[in-house]
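Asks: So Swiss-Prot has the following annotated:
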BINDING   C344, H395, H521  Zn(2+) binding site
DOMAIN    1-63  domain 'TGS'
REGION    247-544  region 'Catalytic'
Amino acid sequence: MAQISLTFPDGNARDFDAGVTPAEVAASISTSLGKKAISATVNGAHHDLQWPIDADASIAIHTLKDDAQALELIRHDCAHIMARAVQEIWPDVKVTIGPVIENGFYYDFDRAEPFTPEDLGAIEAKMKEIINARDPVRTEVWDRPRAIAHYEANGEPYKVELIEAIPGNEPLRMYWHGDWQDLCRGPHLQHTGQVPADSFKLMSVAGAYWRGDSSRPMLQRIYGVAFQNRDALKKHLHMLEEAAKRDHRKLGREMNLFHMQEEAPGQVFWHPNGWTVYTTLQDYMRRRQRENGYVEVNTPQVVDRKLWEASGHWDKYQENMFIVEVDEEHAREKAINALKPMNCPCHVQVYNQGLKSYRDLPLRMAEFGACNRYEPSGALHGLMRVRGFTQDDAHIFCTEDQIQDETARFIRMLSTIYRDLGFESFDIKFSTRPEVRAGSDAVWDKAEAALEAAIRTVTDDFELDPGEGAFYGPKLDFKLTDAIGREWQLGTFQADFVLPERLDATYIGEDGAKHRPVMLHRAILGSFERFLGILIENFAGKLPFWLAPRQVVVASIISEADDYVREVVAALTRAGIRAEADIRNEKINYKVREHSVGKVPVILAVGRREMEERTVTLRRLGEKQTSVVGLDALVADLAAEATPPDQRPDQPAV
């Protein structure tokens, strides 16, 4: 039999018979590894242990201790085990697909009756039976006629449709455990017992159209989470409990920040408290941008389709745009406009007004641009996923030689802003040229080198994502981790060689000839709406004092103190503090509870003693202890605390 050479991660190589499987390779290394192995990476591709290897290759054997590969297989097998459990309990249920998703898995079922919470408990119990049975997982490759005939005979029309959509040259792999079978690319574990029985949980049921098409049948999607051990599952469930407590929609009601309603899906109704937070944050961003040399512009929200066609967005983005048809007076045909989904084409129009010289560059142009994008109603989620939003958007027009300095400047600015807003660190992902791209290799070489060099002025710890840049330029993505461990992708920085060409942006170089500027797209917060949702949840509503909508409430203990309450509020207001009076005829404990639920950072109680001594009784949000403080000293302290970070004397400029 022909021999092949397999190279292991340590660089050693061994010869095996052609057609050897990873399971046989693992067993040849040690009996222990043969039992612990769950999958293998062969020439960079993840396969199950039954995959035959026919040619020289690199190979790495994985066990349950290999986080990424183990988690993928555990979650994948959980989806299949769940589908088997459902069909063993309800044999008439039809199965469709069940992929791995972040933190877990789901499977879509066609069942006449809705699944109930009690059903989820029964399914979990059946899954544990299947796991404890340790049924071996086996696989076969079938031809299309055999696979279609099998699923037609078993009344599984969704599987037949899936097979018919698979390219004819792609093998059809069938996986079994016990008597249950599914069509799947794999890979899978060696037996069902390799799934830890105490590390998964079924979470919820939701509706989902087959193939995401609202004209197709509505299915029932069961979601589950799965991890490598019980402790990881408990940690995740605790995080979900914390997330529920911090839900910005719940806190938004309690703090009277905003609401949303059916008549304007995906659009935010900002209340006075919420709008105060919004404008305070926007004012802060405006100052930070100004000190970094940005000019601020404002561009139209309704723009003729001609501009979107010229920019390329009409072809690529039309389904996400709100289209407006207008009967223009004396026009032969209707004017077709769109609400702008992004600001960049409009910024090029501003740039193009007047001749630009290389001496004018870099030109940093910012806008708090109101944008609208169509999102399916099922995808909308409070402030996190909306249709109408405002971006902290900016575009930098520069020469190729200026890319590195502008990138480094941006990263420093972003780092300062994130720190000011309570996020001490962030992660960077650097996405490089895709196979299909615009621009010459020389330009890409220069841009990628500039971005990487700029990153390294801040950190050497970044994630490289080869081939995942946009077709028009390399990009950086910035991720934050919040107080309960969730990651949020927020900031972006992207070089663009295409839009200046499409929209004919030029500058006069030192040689007197016209050149195309590079356009650097950048955002720090993303959208104000989403960022405020993240901020509310990160702080569980207890926003930094300078951002809190109501910074101080002064509450009377007795009605005789009402005038002093007003005097205290006036003194705080003169010092630039957002203060309110509460002189209702209610007990002080009632007032404290109500304003604590509303996340007011400081509550000042005023009674007869405070009035006579010109003091206040101070209570901080979340603290049980109170203290009596002189009014003048307190006003000075709170005024310093209310000062935005960029305006404090100890805060250096970006």
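Our numbering is plain: 1 for the first residue shown, then up by one each step along the chain.
Here the Cβ of each residue, glycine as well, is placed from N, Cα and C on the backbone.
Quick one: where do these features end up spatially?
Replies: Counted within 10 Å of its Cβ, the other Cβ atoms near H521 (Zn(2+) binding site) come to 22, all protein chains included.
The domain 'TGS' (1-63) scores a mean pLDDT of 90 in the predicted structure.
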Asks: Which of the listed binding-site residues (C344, H395) has the least company, meaning the fewest other Cβ atoms within 10 Å of its Cβ?
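Replies: With the binding-site residues C344, H395, fewest surrounding Cβ atoms within 10 Å: C344.
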Asks: So which other residues, same chain and not among C344, H395, H521, have a Cβ within 8 Å of the centroid of the Cβ atoms at the Zn(2+) site?
Replies: M342, N343, H347, D393, A394, Q494, D496, L499, M519, L520, R522
Asks: Could you tell me which three-state DSSP class H395 (Zn(2+) binding site) falls into?
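Replies: DSSP assigns H395 (Zn(2+) binding site) to strand.
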Asks: For the domain 'TGS' (1-63), jot down how many residues DSSP puts in helix, in strand and in coil.
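Replies: Counting residues by DSSP class gives 14 helix, 28 strand, 21 coil.
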